[in-house]
Ligand SMILES: CCCCCCCCCCCCC/C=C/C(=O)SCCNC(=O)CCNC(=O)[C@H](O)C(C)(C)COP(=O)(O)OP(=O)(O)OC[C@H]1O[C@@H](n2cnc3c(N)ncnc32)[C@H](O)[C@@H]1OP(=O)(O)O
Ligand SMILES: Cc1cc2nc3c(=O)[nH]c(=O)nc-3n(C[C@H](O)[C@H](O)[C@H](O)COP(=O)(O)OP(=O)(O)OC[C@H]3O[C@@H](n4cnc5c(N)ncnc54)[C@H](O)[C@@H]3O)c2cc1C
């Protein structure tokens, strides 16, 4: 018996696992890296041995208060166990440990770890870091990130919370002047946090200097009651992440010391003089971090949901393909493969680009510390576009996986509602997706201007292709092309064309008398298309580069199948754009489709082993349909029997309403 095939497993799933053309363990090592995989296994074992991390019942059956209490209990346990279970200096280990112990629906430390600590690290000056960081790491307080207000989330310039400097007392006065200035949404703000990063309009010497971050104590450290002048609470149930106490917050003339303003970049001197930062957006770095992290987060969601969908599709038999030969596994239907396998391929693509963008983020933060801010605009541009594209495609992909599981996919027991409701938040938080696409487009338009004026900027891996002249006709079906250069060139062509076309239209509209802003708005849909084309090119190139690095032939061949699917699926997705200017022919589109179908057929026998190699445990999946052992039906029944409604054969209020109604109806009909 192996790690993947065990006694008592569903025989249909075992048969699938035996079919694989590669060694699943070797694939898992390639996917995670040998050391990371070993550490994942050790961490998972650690958690399995500590049953106190188990939920007392499936979270789907809990009330909101029970959810939050359970998450809080496990969050404290997680912190207590962290040093024994993981190397806390390694983010990968922390993320994995947290996902195993606390799940994905939220926990009281979410924003503390993901936004408040990064803000302290990147926006506090040395003295402030010395004071706040050890306490933050030591969990002496829990902080969140309060930026969005009821009236404004996107347009930070219009935030209404004010921080007015009073040089007499050397304090800021925080105030929420209107209902719409109420901070609204911050994760863990409602009940868990006692501190927060607060974005407020900075006023000094009668002048407004725009939104700046402040570090503010919200609750008494002993009683946990809100401090005087502070009104704080939970915003109520949401589409998802109901384990998270997203909150509201108001200030009524609350005084905080001058040194509560984050002063690494901008400063207020004791007399009220404002010292500007070297780059006006350096205070936004925590947002940049989460945008970059979303790419890997979407990979995790897609890989988890495709694991569920593939496993379930291997044990679900329904209908015959050849009459009289018996019911097939639903994974044998080409339509099923077409729904699920592209999600696997996209998940892998996101994982590879997610690694790249997080490294770029870390490098840029180090550069900023050393006084070099040159990479900031490029990081902002690509992270906004990637965040928007991966969260949107991730959301669509999860829904495909759900639908691929038929009726059972709609059950909470499938695990999809949890994955989906958590994942789609990323289309909105950290910058609404359209707004993010338009941020990247600003960068692309600058590049287009440089192309038109014949002055390329200094070399940059992400945008260099825009300045090259590619082939004038698509060559995807013409040459032997193991590195898919002609597909990449097609993506580059599309990106270059839509970027230049929308740039030319912007210029033309201005020449016709429109202001830049009005012209921009008239071009906004196409500007978003330019960003999507650019991000597609980036994701595809990263995928090709990474597959080329694989040495093991049998593993490489599996990745090549996924790459083939990814690239040609993307060709079909953007076919309208490639056909529009005659770059690609209808015949070439047929060729692309054929490549998609060929790839589906090649992936089919390996599908179960591919998803096994993602090494996603049952504890993470929280899915009866996606169980490793494939024993779905008996466990679905067990799961339903745990429903609180089944505590009583007859619901306590039955006779009050339905019972009474039917009794009365029967009596009337007897009369
Ligand atoms: C498996 C991995 C697990 C990892 C774990 C991850 C877990 C994830 C958990 C998720 C938790 C979610 C928590 C959510 C938190 C939030 O949502 S916090 C609130 C987020 N809010 C936003 O994102 C607001 C969006 N709005 C903006 O960012 C800005 O308002 C704007 C739209 C970008 C415009 O900014 P503004 O200052 O008004 O712009 P302008 O003055 O017009 O300037 C524009 C120029 O500035 C450049 N720029 C903008 N932002 C940045 C930046 N961050 N960095 C660098 N440069 C920036 C922009 O490009 C413009 O430049 P030019 O074109 O040169 O003018
Ligand atoms: C799950 C979740 C968690 C969150 N966590 C936090 C948190 O911890 N801390 C925090 O501070 N905030 C948080 N937020 C708030 C979040 O960051 C904002 O909701 C988000 O930035 C979008 O802003 P908005 O709500 O103002 O949307 P709006 O800007 O009002 O969006 C409404 C519509 O207007 C469009 N639109 C707006 N401006 C433009 C424009 N310039 N061009 C084109 N279209 C435009 C948008 O595309 C969208 O279609 C969270 C939100 C969610 C959903």
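Using the three backbone atoms N, Cα and C, a Cβ is placed for every residue, glycine included.
So that you can see what the record holds, here are the features copied from TrEMBL:
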type	residues	note
DOMAIN	23-142	domain 'Acyl-coenzyme A oxidase N-terminal'
BINDING	148, 187	FAD binding site
DOMAIN	284-445	domain 'Acyl-CoA oxidase C-alpha1'
ACT_SITE	430	active site, proton acceptor
DOMAIN	484-662	domain 'Acyl-CoA oxidase C-terminal'
Checklist entry - Using a Cβ-Cβ cut-off under 8 angstroms and a sequence gap of six or more, which residues of the chain neighbour the residue listed as 'active site, proton acceptor'? => result 287, 290, 291, 294, 387
Checklist outcome for this item: Using DSSP three-state counts, the residues of the domain 'Acyl-coenzyme A oxidase N-terminal' (23-142) come to 91 helix, 0 strand, 29 coil
Checklist entry - So what pLDDT does the domain 'Acyl-CoA oxidase C-alpha1' (284-445) average out to? => result 97
Item to check | CB contacts for residue 187 (FAD binding site) [other CB atoms within 10 A, all chains] | outcome: 25
Checklist entry - Looking only at DSSP and grouping its letters into three states, which state does residue 148 (FAD binding site) belong to? => result coil
Next on the checklist: Applying a 10 Å Cβ distance cut-off over all chains shown, what neighbour count does residue 148 (FAD binding site) have?
Outcome noted: 19
